[in-house]
């Protein structure tokens, strides 16, 4: 029909030229613009499925059924340029500029997204430090959302430390100085009712919120209580949801619960942007959390995922236990960290030739992260066939008071199962020599805790000692990659919480892996959101861990990397989401109905596309008979009108 319409249009121009050259000229110009428009649409159709393998007609029909539909924006002119979700800058075509009222508002240059991305990364590399790069990327996200995610996705290894740890910690510490534009919601202890919180949620500019990341700012990374400055963590976390998981940005909402801060430096800082009083605790705090959860589900529905982030240890497990079976929620510091560390340990089994249940594990630091990892290891050991009691006996915890033993008068209830009938000691060396662990895991934020003597002791009792120094940022890591490899003569299976550079020893290059939660939480979030999984339990996180471990290649193992390359995370996230869907549909815990015919195609069709899209919907033809007038126009003779 489009070809026939084109031929008819050409014939019409020919017949009109003799009668009215002006009308013919306008028709030719219209045809030219239409041609440009159709080329643009064709390009859009190509890039829309850029991450898919070749498909037959049936598969393409499925893909088009599953993918989100686009709608021509209602905004025009300068208002459209202010909308980061739609703005392309100099990436707008001439047709778009003219049709959307942008012509003349932009420089008369036309750039592809590739050219724009190159321009951005070049300028980023010229910045004097990582905080300056963070600020520049933050500004780009405020102006051009797709370009921001395109740059991050294209340079994920280089920019993930800028977008998230460790630079996000520095950004949070200086948030009062670098604050430019609001990116999330602030809910305070003064807003402590369901109706008040609901009103605040209603002020958010998106209605279709499916993922919320919330913090109270009390334990930001390894930096402690940063109060309202902690908003940078939910913002950064959700940026990784999009860049690494393909979650749609419009589904994401960062939230800071401001109940005050006990950080006196912030309370005395004239630039501090939060409530200026000590933290509220107890009943009022718990009521705020209850009201927040109720308001979120009232506003957005029970299916909305709520991720808890950087809550202090006394609250982290307590709130997880309280809400896990009532809401769609998880705590990434506990479950995400545990999952990614178990993934690293599963990878190590390919080198040590031992099952997870055949090793012993010594944790230095017994906070929420370590306890969560220990419990996830127990879960995996039970899957391998040993009892919970036997599994707990293979795990040793050390905290600020030393080894967790049965002699303690006061103990965290979750530590009781790991308490040992051994002499009390604060020496890591003594515990290593007594317990003879195969893995040493640090989550203490004590720089240098794994000194030369400790590392060499691990090498003496293990052919391939597992040493994970997980504390963030790098300045608080228990040991560096260089120290671990040097003091074990290259035998260590090492991973860290923040990235360390490659290291060469005895002519061999080691590329240390980073036990980053980003291998886990984007995929878990994607699967939970797309398939409306009601409860995110440890079975799903263990499933994700196994998928991550299976993606580590033999070439990676040869250079000491126990995690996949960072550039593979987005594909891993898609695979995690697919595995979650299979598991949850089998167990009746997925609530998206009807079940998609092809789960993987459904996921791939739903993930966020960082390529520019045509903003103006394609035109199409109707049957000619449906466009005719309903009656013939009578011919009126001029002479009949004479008086």
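From the backbone N, Cα and C atoms, a Cβ is placed for every residue, glycine too.
Around the Cβ of residue 164 (active site, proton donor), the same chain contributes 236, 237, 239, 240, 518, each under 8 angstroms and 6 or more positions distant in sequence. For 164, the entry in Swiss-Prot reads active site, proton donor.
DSSP assigns residue 237 (active site, proton acceptor) to a helical segment in the three-state reduction. Residue environment of residue 237 (active site, proton acceptor) contains 28 other Cβ atoms, counted within 10 Å of its Cβ in all protein chains. Annotation source Swiss-Prot lists active site, proton acceptor at 237.
Residues within less than 8 Å, Cβ to Cβ, of residue 119 (fumarate binding site) and separated from it by at least 6 positions along the same chain comprise 111. Summarising the annotation, Swiss-Prot assigns fumarate binding site to 116, 119, 143.
What Swiss-Prot records for 219, 472, 516 is (S)-malate binding site, and it gives similarity to another entry as the kind of evidence. Secondary structure at residue 219 ((S)-malate binding site), taken from DSSP and collapsed to helix, strand or coil, is coil. Residue 219 ((S)-malate binding site) has a Cβ environment of 24 other Cβ atoms inside 10 Å.
According to Swiss-Prot, the NAD(+) binding site annotation covers 219, 313, 333, 366, 369, 472. Look at residue 313 (NAD(+) binding site): DSSP puts it in a helix. Counting every protein chain shown, the number of other Cβ atoms lying within 10 Å of the Cβ of residue 313 (NAD(+) binding site) is 18.
Sequence annotations record features per position, and here Swiss-Prot assigns divalent metal cation binding site to 309, 310, 333 based on similarity to another entry. For residue 309 (divalent metal cation binding site), applying a Cβ distance below 8 Å and a minimum sequence separation of six or more within one chain yields 213, 214, 215, 233, 234, 237, 331, 332, 333.
What Swiss-Prot records for 1-38 is transit peptide.
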Name, in the order they occur in the sequence, the residues of the same chain whose CB lies under 8 A from the CB of residue 369 (NAD(+) binding site) and which sit 6 or more residues away.
333, 334, 337, 338, 443, 470
Residue 516 ((S)-malate binding site): which of the binding-site residues 143, 310, 313 is the nearest Cα neighbour?
310
Cα-Cα, whole number of Å: residue 366 (NAD(+) binding site) versus residue 116 (fumarate binding site)?
47
Any idea what the Cα distance is from residue 219 ((S)-malate binding site) over to residue 310 (divalent metal cation binding site), rounded to a whole Å?
5
Rounded to the nearest angstrom, how far is the Cα of residue 472 ((S)-malate binding site) from the Cα of residue 310 (divalent metal cation binding site)?
12
Rounding to whole Å, the Cα atoms of residue 116 (fumarate binding site) and residue 472 ((S)-malate binding site) are apart by 33
Around the Cβ of residue 116 (fumarate binding site), other Cβ atoms within 10 Å, all chains included, total 21
